[in-house]
């Protein structure tokens, strides 16, 4: 689900933190991609002309494999080295959100049964799309045969993507979920796995610029995201994005906001704090997520296993052999040329903390004063 209204807040208050670029701008970059989110996109977007999912002669869905194969090739063609990260076991705190999703599925199934037009049927069918265990396993098999590394995260894929970026294993995390910023990835790439026909630029969000622009610590930013609405718990009823930002900037933490509301000082009877609100547990899931230490992960891109890849996609899944062989040639060529990398890829760029930035600003101010005094002394001697 991500964070409700966060993109709008960043766009309004810190537009400089979002850079829109063509895919070619990321030549030589390694990127950790939220695989579960990508598969969901492929199942929705990769369709037949009649709007139905792609299937082979046996009736098996192949939209996810078609999307994974060709979108990965597009990245490789443009010199990007992708690594995919799959979701592990969801945190217990997410169970309420998963229950809500199940309830919505039941409601959607009812609407589908009542639909009278093809357009309405298609709309409801897309809402029922769900990434299954089989979809994940088939995608992992495909990536293994393509020579593309993948990781199964202990819990949330976005958290593991951010960990790889923080440890310098990749340049950025790629996901449509804005909650990836809560894990303090240096950079978040959105729309990376979109179809080329959409002509949608890639949005690169700089987390440190977001924090500085909003004048928030990472802890306050996470509290803001919980206030806006995340997958782990409810938010304060009656508080919208504008008010949530104002409350965090005024009071500094959810604890202080709760005190402010419960004391009656807010004079707002519409604000309702959820009972037994687990915001502290939600906060820790963002600030200290369960991940595999990025330093222990060695990402390796290997030549594709041509024979096995053709057997899997063409013999088993009934893909066009001519197109698959063409794709394999692109894959081999792209992985070879992508080895060149970028000059800045030889250096690990460590994002500065707020404290480091403040210290640097103080030093700059002191140097300015020192130079000013030197100029005064020089003028006096004249």
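Here the Cβ of each residue, glycine as well, is placed from N, Cα and C on the backbone.
From a predicted model like this one, the values you see are computed outputs, not experimental measurements.
Lifted from Swiss-Prot, the feature list:
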type: BINDING; residues: 34, 87, 156, 158; note: Mg(2+) 1 binding site
type: BINDING; residues: 47, 71, 156, 229, 231; note: DNA binding site
type: BINDING; residues: 177, 179, 231; note: Mg(2+) 2 binding site
type: COMPBIAS; residues: 370-382; note: compositional bias 'Basic residues'
type: REGION; residues: 1-105; note: region 'N-domain'
type: REGION; residues: 120-251; note: region 'I-domain'
type: REGION; residues: 339-347; note: region 'Interaction with PCNA'
type: REGION; residues: 358-382; note: region 'Disordered'
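Broken down by DSSP into helix, strand and coil, the region 'I-domain' (120-251) contains 71 helix, 16 strand, 45 coil. Taking every protein chain shown into account, 71, 156, 231 are the binding-site residues, and of these the Cβ with the most other Cβ atoms within 10 Å belongs to 156. Summarising the environment of residue 87 (Mg(2+) 1 binding site), the number of other Cβ atoms within 10 Å of its Cβ, over all protein chains shown, is 21. Rounded to a whole value, the Cα-Cα separation of residue 158 (Mg(2+) 1 binding site) and residue 231 (DNA binding site) is 13 Å. Residue 87 (Mg(2+) 1 binding site) carries neither a helix nor a strand DSSP state and counts as coil. Taking a C-beta cut-off of under 8 angstroms and a sequence separation of 6 or more, residue 179 (Mg(2+) 2 binding site) has the following same-chain neighbours: 2, 3, 158, 225, 230, 231, 286. When Cβ neighbours within 10 Å are tallied across all protein chains shown, the highest count among the binding-site residues 34, 177 belongs to 34. Taking 71, 177, 229 as the binding-site residues under consideration, the smallest Cα distance to residue 34 (Mg(2+) 1 binding site) is found for 177.
Within the set of binding-site residues (158, 229), the lowest number of other Cβ atoms found within 10 Å of a Cβ is recorded at 229.
According to its DSSP assignment, residue 34 (Mg(2+) 1 binding site) is in a strand.
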